[in-house]
Amino acid sequence: MFQGLSLEQAPPYAVPIKFYLSGAFYLILLSAAIIVYGFSVSSRFDYEVIALTHLLTLGFITHVMFGSLFQMLPVMLGTPYTNVVKNATIIHIALNAGVLSFVVGFLTNTALLLYFAAILLTGTFFYFAILSFKTILLSQEKNTLVQNFAASFIALFAAALFGALALLGHFGFVDTLRYGNTHIAFMLFGWVFLLIVSVSYKIIPMFFVAKEFPIFVQKRLYPVQLVLLFLFAYAQLQEKTLLLTLTQFLLCASVILFALLSILILRKRKRARKDASIQLWYFAMGNAILASLLFTGADILHVNLSFAIGFFALFGAVYALINAMLYKIIPFLTWFHLSSNMVFDAEMGDVIPKKKMNMQINLYYLAYFFFLCTVLSPAFIIPSATLFLFSSLLLLLNILKAQKYYREYMKKKVVFE
């Protein structure tokens, strides 16, 4: 099950957990903010929409991804991050300061906070990407997994750069729309997608006892995606309409290919028993396919579907997939940290009770359904945000339960004299 993993290279348990806890906290803030600002939004360019979107992307998604990479990259590659506790703390503090400055800056239209956020967030993303690149370069492994991770960090560099430029556009320095669209493309089709793909190559065979992804896909998907992203950036900034349409179509085709392939691999897994994480994964992949089709269709038909695309891509696909991954990653890292400390009676299945997992996931499904109903009436905003608030609170409590489990079992640690 754990073949090819260097478990001894993992950072302290507290490193990933604090990022996960922070991520869940931002989901609670997001739910509350939707209740307050949800009725006043009408366009993706509204400052309230930008703030709410980034509570999810910077607040939740980025925290969980950073925490997971601090944990998983050394284990998968066999090389630890340099001064991991110190660097993780610096990144955690800077990221939180940047996210809060960004959100409050947009909600209050405060230029100074937005400048501060641009500096902090760009610096944090660059710093994390450089640390991760260093870890990759020091690794003895030079396989396709390493190459996929490296590609995701190239996309992160570009996404952070274009994001900073888009933020400056709000003060008239550059064209916000073009740089903003390029930022979104590199962030979603690049950093997020390539990172999810990279982790999936390891997680799906390991945790779900399924076959590995075809070698051809592992070797060819990431370079194709990077080339398409840089072509997209060129077409977007130089206003090459035909090339832009073509690259958008091909980027969406890559997402659909991965989604269908992962569904096929999971359906043919060896232990085909019912699992809430599996169902959530299917749900996420379905949303990814739907968002990709809408994105392609909206461009061809020249209709504005930005809210629908954003909802299905971020809330339906990325959030759901990360939720599913957390319920596999957290019990595993809790168990192996205990095992490495000579605590052998811990069980992965007991770290977070399945009943609590299912309850949280079902609340998310309900929130998703009620958010869809807001198309019929804005009155559904309050119940949908409230349901997601309870789902987020339960996710936070489940992570805290894992932390408590770890601390209680650490008291049983065997000390050799």
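Backbone N, Cα and C define each Cβ position, glycine as well.
A TrEMBL annotation is a machine prediction, not a hand-curated record.
Features of the protein shown, as given by TrEMBL:
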- 20-39: transmembrane segment (TRANSMEM)
- 51-77: transmembrane segment (TRANSMEM)
- 89-107: transmembrane segment (TRANSMEM)
- 113-137: transmembrane segment (TRANSMEM)
- 149-172: transmembrane segment (TRANSMEM)
- 184-209: transmembrane segment (TRANSMEM)
- 243-266: transmembrane segment (TRANSMEM)
- 278-295: transmembrane segment (TRANSMEM)
- 301-322: transmembrane segment (TRANSMEM)
- 363-381: transmembrane segment (TRANSMEM)
- 387-403: transmembrane segment (TRANSMEM)
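In this chain, the transmembrane segment (20-39) lies in contact with the transmembrane segment (89-107); the count of Cβ pairs under 8 Å, excluding pairs fewer than 6 apart in sequence, is at least 3. Between the transmembrane segment (387-403) and the transmembrane segment (243-266) there are fewer than 3 Cβ pairs closer than 8 Å, counting only residues 6 or more apart in sequence, so the two stretches are not in contact. Within the same chain, residues 48, 51-52, 55-56, 58-64, 67, 92, 96, 99, 103, 107, 326, 330, 378, 381-382, 384-386, 388-389, 392-393, 395-396, 399-400, 403 sit at least 6 positions outside the transmembrane segment (20-39) and bring their C-beta atoms closer than 8 Å to a C-beta of that stretch. Taking every listed stretch (51-77, 184-209, 243-266) in turn, the largest tally of C-beta pairs under 8 A with the transmembrane segment (301-322) is reached by 51-77. Nonlocal intrachain contacts for the transmembrane segment (243-266), taken as residues 6+ away from its ends with a CB within less than 8 angstroms of a stretch CB, comprise 185, 189, 193, 197, 200, 204, 208, 210-211, 213-214, 217, 221, 224-225, 228-229, 231-232, 234-236, 278, 281-282, 285-286, 288-289, 291-293, 295-296, 299-300.
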